[in-house]
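Listed features, source TrEMBL:
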BINDING   Asp4, Arg28, Gly50, Arg107  substrate binding site
BINDING   Arg88  ATP binding site
Amino acid sequence: MDLDHELEARCGVRVPVIFEIEGEAGFRRRESAALEECTQRRNIILATGGGAILAPENRQLLHERGIVVYLRASVDELFRRTCRDRNRPLLATADPRGTLRDLMTKREPLYKEVADLVVETGSMPIHTLVKALLPQLQAFEKRI
């Protein structure tokens, strides 16, 4: 489940439109409400947007209600993945790579704060990432 897709389904518009109408603060309020509901569900994999980690209450929900995996990538890799994506309002700047760098400086300590597992993704294909992640999740589950 993707939290941004969940928000789009609830609002009936794409993320950039939510940002345009309500600003980042309005989007974050909606994101927190959706996260509260989604994290009550069992047996799901939830992909949060990058900024969901900013709110302390969101970090608490994630920490308390599931296993948190931080899929870490470098700024250059994130730029490569997002440079053509028009659904990223925070990156609609003159210097999206610099914006990504600034966002990572603020967010990475928060990701690490709540992460149960940190996985370096690099440019790893999804199927390879899943194969690498499964044994780590199984080992983690045995510890809890």
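Note that Cβ sites are derived from N, Cα and C of the backbone, with glycine treated the same way.
Everything TrEMBL records as a feature, shown here on the structure.
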{"residue": "Asp4", "record": "substrate binding site", "DSSP class": "helix"}
{"residue": "Arg28", "record": "substrate binding site", "DSSP class": "helix"}
{"residue": "Gly50", "record": "substrate binding site", "DSSP class": "helix"}
{"residue": "Arg88", "record": "ATP binding site", "DSSP class": "coil"}
{"residue": "Arg107", "record": "substrate binding site", "DSSP class": "helix"}
Cα-to-Cα gap, Arg107 (substrate binding site) vs the residue listed as 'ATP binding site', nearest whole Å: 16
Shell of the substrate site beyond Asp4, Arg28, Gly50, Arg107, same chain only (C-beta within 8 angstroms of their C-beta centre): Glu31, Thr48, Gly49, Gly51, Ala52, Ile53, Leu54
For substrate, whose listed binding residues are Asp4, Arg28, Gly50, Arg107, the greatest C-alpha pairwise distance in Å: 18
Residue among the binding-site residues Arg88, Arg107 whose Cβ has the most other Cβ atoms within 10 Å: Arg88
Residues that sit under 8 angstroms from Gly50 (substrate binding site) by C-beta distance, when 6+ apart in the chain: Leu103, Arg107
Rounded inter-Cα distance in Å - Arg88 (ATP binding site), Asp4 (substrate binding site): 11
